Amino acid sequence: MALIRDRKSHHSEMSKCHNYDLKPAKWDTSQEQQKQRLALTTSQPGENGIIRGRYPIEKLKISPMFVVRVLAIALAIRFTLNTLMWLAIFKETFQPVLCNKEVPVSSREGYCGPCPNNWICHRNNCYQFFNEEKTWNQSQASCLSQNSSLLKIYSKEEQDFLKLVKSYHWMGLVQIPANGSWQWEDGSSLSYNQLTLVEIPKGSCAVYGSSFKAYTEDCANLNTYICMKRAV
């Protein structure tokens, strides 16, 4: 009987236990997650600039187009600076003064002008560079229509700015068929201390190149030309 009572008592105790609402304990993980995130944001970058942790941060990627644009801007700035530098050198060397005003005779040493509008005045001579291409005869006629003649070299010292000319232009120098000598438009003979003449076959007219060098050429060829006249 005692054994039966003990079993009933044990069964009663077990029933009471089953009647309890036994649920698994819940842990408040919000604070733990905040600590982990804070640790990630304050961690020092490791190798390759990556922060190691539960939430890895990707590497910073630079677009190729961004690099191309930066290089293009840098080249544009460099080109602009070079252009400004050469313009300053050109201005200082050529001194392209457009002479439209009379100056006192007493300042004859620095006198220049007057010249027609848009002509270059240098050492009391007026020059105009024409970009249209013509034959030698057409170029001569164009200069005559403007009361001028094709370029003549008479002094390296006074025409020093012409040494910077790079392209080829008709000048007022032609070969006389009778004796093969070279003369200027005004009939004066070429002096070889004025410029160096490089002769080629079948060339009876001359173009001015640079550094006081002239090259013979067929008069029927098309070239740009330079007109010149004395300033009044």
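Counting starts with 1 at the first residue shown.
Just so it is clear, glycine is given a Cβ too, placed from its N, Cα and C backbone atoms.
The topological domain 'Cytoplasmic' feature in Swiss-Prot is assigned to 1-66; the stated evidence is sequence analysis.
Under the heading transmembrane segment, Swiss-Prot lists 67-89.
The topological domain 'Extracellular' annotation in Swiss-Prot covers 90-232.
Other C-beta atoms found within 10 angstroms of the C-beta of Cys121 (disulfide bond) number 21, with every protein chain shown included. As annotated by Swiss-Prot, disulfide bond applies to Cys112-Cys121 (among others).
Per Swiss-Prot, disulfide bond is recorded for Cys115-Cys126 (among others). Annotation note: Cys126 (disulfide bond) sits in a strand segment as assigned by DSSP. Using a 10 Å radius centred on the Cβ of Cys126 (disulfide bond) and all shown protein chains, the other Cβ atoms total 24.
For the domain 'C-type lectin' (122-228), the model's pLDDT averages out at 91. Annotation source Swiss-Prot lists domain 'C-type lectin' at 122-228, citing sequence analysis.
DSSP classifies Asn137 (N-linked glycosylation site) as helix under the three-state reduction. Counting only same-chain residues at least 6 apart in sequence, those with a Cβ under 8 Å from the Cβ of Asn137 (N-linked glycosylation site) are Cys219. The annotation N-linked glycosylation site is assigned in Swiss-Prot to Asn137 (among others) on the grounds of sequence analysis.
The disulfide bond annotation in Swiss-Prot covers Cys143-Cys227 (among others). All chains included, 23 other C-beta atoms sit within 10 angstroms of the C-beta of Cys143 (disulfide bond).
Classification of Asn147 (N-linked glycosylation site) by DSSP places it in coil, neither helical nor stranded. Residue density at Asn147 (N-linked glycosylation site): 10 other Cβ atoms are found within 10 A of its Cβ, drawing on all protein chains shown. As annotated by Swiss-Prot, N-linked glycosylation site applies to Asn147 (among others).
Sequence-distant neighbours of Asn179 (N-linked glycosylation site): no residue of the same chain at least 6 apart has a C-beta under 8 Å from its C-beta. Mapped onto three states, the DSSP output places Asn179 (N-linked glycosylation site) in coil. Taken from Swiss-Prot, the feature N-linked glycosylation site covers Asn179 (among others), and the record attributes it to sequence analysis.
Secondary structure at Cys219 (disulfide bond), taken from DSSP and collapsed to helix, strand or coil, is coil. Annotated disulfide bond per Swiss-Prot: Cys205-Cys219 (among others), in sequence order.
Cβ neighbour count for Cys227 (disulfide bond): 26 (other Cβ atoms within 10 Å of its Cβ, all protein chains included). Its own atom aside, the Cβ of Cys219 (disulfide bond) has 20 Cβ atoms within 10 angstroms in the protein chains shown.
When the CA atoms are compared, no recorded positions among the candidates Cys143, Asn147, Cys205, Cys227 lie within 10 A of Cys121 (disulfide bond).
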